[in-house]
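Enquirer: Sharing a structure, written as structure tokens. Questions coming.
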Amino acid sequence: MRSVEILGLAALGSLVAAAPSPSRVSNSAKKASSCTFTSAAQASKSASGCSEITLDNIAVPAGETLDLSHVDDGTTIIFEGTTSFGYKEWKGPLIQFAGTGITVKQNTGAVIDGDGSRWWDGKGTNGGKTKPKFMYAHKLRDSTITGLSIKNTPVQAISVQATNLQLTDITIDNSDGDENGGHNTDAFDIGESNGVYIRGAVVKNQDDCIAINSGENIEFSGGSCSGGHGLSIGSVGGRDNNIVKNVTITDSTISDSDNGVRIKTIYDATGSVGDVTYSNIKLSNIAKYGIVIEQDYENGSPTGTPTTGVPITGLTIDGITGSVASNAVQVYILCGDGSCSDWTWKGVDLTGGKKSSKCENVPSGASC
């Protein structure tokens, strides 16, 4: 009987010894090796478990997304060579990221080429072909996207919905669209975000260099923007989130664009724009407005009738200098009655163009 007990205990001991340690399995999973993928399907399905992912000359099939929204937290994603996309009329996105502690970058000489001319028809998102949005940086937290070279997006380039996201030294070159029907090629569209920092961007496009529709604690600095619609807040209003606050846009240049500095809010909507600073912005060859602030947008166009539901308060305009084209307006302000207040306005020095005779409800201290 005694020998049976001993044998039983020995057998039990061997089973316990053979059982894997949960902590060791967990740690080994976290330390998975680098992975290189040559197809979008591989990358989208097999990225989990890789601490570093290299995307080597990926050709994304038509109508599919290079989906990197399920990578492990802390993953580094590296673009290598040319990333390209098949043609199909659909809404996209062509690429998407999500996660915590994610780093996205590229190796020297890499390019992410949307080949947007296949979709461009001069209508953008307002009709014609259905065009895919390019990149979703959604549900990213404590992450970095750096050094990407992006070319010829079909429409909007990078859509941001994130918390504490750094976007540094990104080039978005849609200049081919100037003569080939590029439209609505916004570079950075930001919504429902807290802590977005865009530094050193170089943008050539046919729409906003940056458009902040909602969010707080947002910074754009050291940027160079040309060909588009300028540095924009809005349109604000008519969405689930209609609050913009604590935004700094500074130390940047805007050239050969429709507008320089722009804030626009939606007619008869509600929301707020507060504590926004534009400082040290250099303008050159601005075609329509050097500075334009209006509370009258409806269906994508100004109505000429401002409303008061989205007040603009705590605005600082400081050091906006340079030139506008001969037919352009230096400054245009169209506010509702009492809905623009507590503004600081200094160092505005624009040449060329003309002054507006249609400004309304200009707040104390501002000049139109």
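Just so it is clear, glycine is given a Cβ too, placed from its N, Cα and C backbone atoms.
According to Swiss-Prot:
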- Cys35-Cys50: disulfide bond (DISULFID)
- Cys209-Cys225: disulfide bond (DISULFID)
- Cys335-Cys340: disulfide bond (DISULFID)
- Cys359-Cys368: disulfide bond (DISULFID)
- Asn246: N-linked glycosylation site (CARBOHYD)
- 162-192: repeat 'PbH1 1' (REPEAT)
- 244-265: repeat 'PbH1 3' (REPEAT)
- 273-295: repeat 'PbH1 4' (REPEAT)
Enquirer: Could you state the CA-to-CA distance between Cys209 (disulfide bond) and the residue listed as 'N-linked glycosylation site' to the nearest Å?
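Expert: The Cα atom of Cys209 (disulfide bond) is 19 Å away from the Cα atom of the residue listed as 'N-linked glycosylation site'.
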Enquirer: I need the CA-to-CA distance for Cys335 (disulfide bond) versus Cys359 (disulfide bond), whole Å please.
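Expert: Cys335 (disulfide bond) and Cys359 (disulfide bond) have their Cα atoms 8 Å apart.
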Enquirer: Looking only at Cys50, Cys209, Cys225, Cys335, Cys340, the disulfide-bonded residues on record, which one has the least crowded Cβ, with the fewest other Cβ atoms within 10 Å?
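Expert: Sparsest of the disulfide-bonded residues Cys50, Cys209, Cys225, Cys335, Cys340 by Cβ contacts within 10 Å: Cys50.
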Enquirer: Could you give the mean pLDDT over the repeat 'PbH1 3' (244-265), rounded to a whole number?
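Expert: Averaging the confidence scores along the repeat 'PbH1 3' (244-265) gives 99.
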Enquirer: Just counting, how many other CB atoms are there within 10 A of the CB of Cys368 (disulfide bond)?
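Expert: Counting Cβ neighbours of Cys368 (disulfide bond) within 10 Å gives 18.
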Enquirer: How long is the line from the C-alpha of Cys359 (disulfide bond) to the C-alpha of Asn246 (N-linked glycosylation site), rounded to the nearest angstrom?
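Expert: Rounded to a whole number, the Cα-Cα distance is 26 Å.
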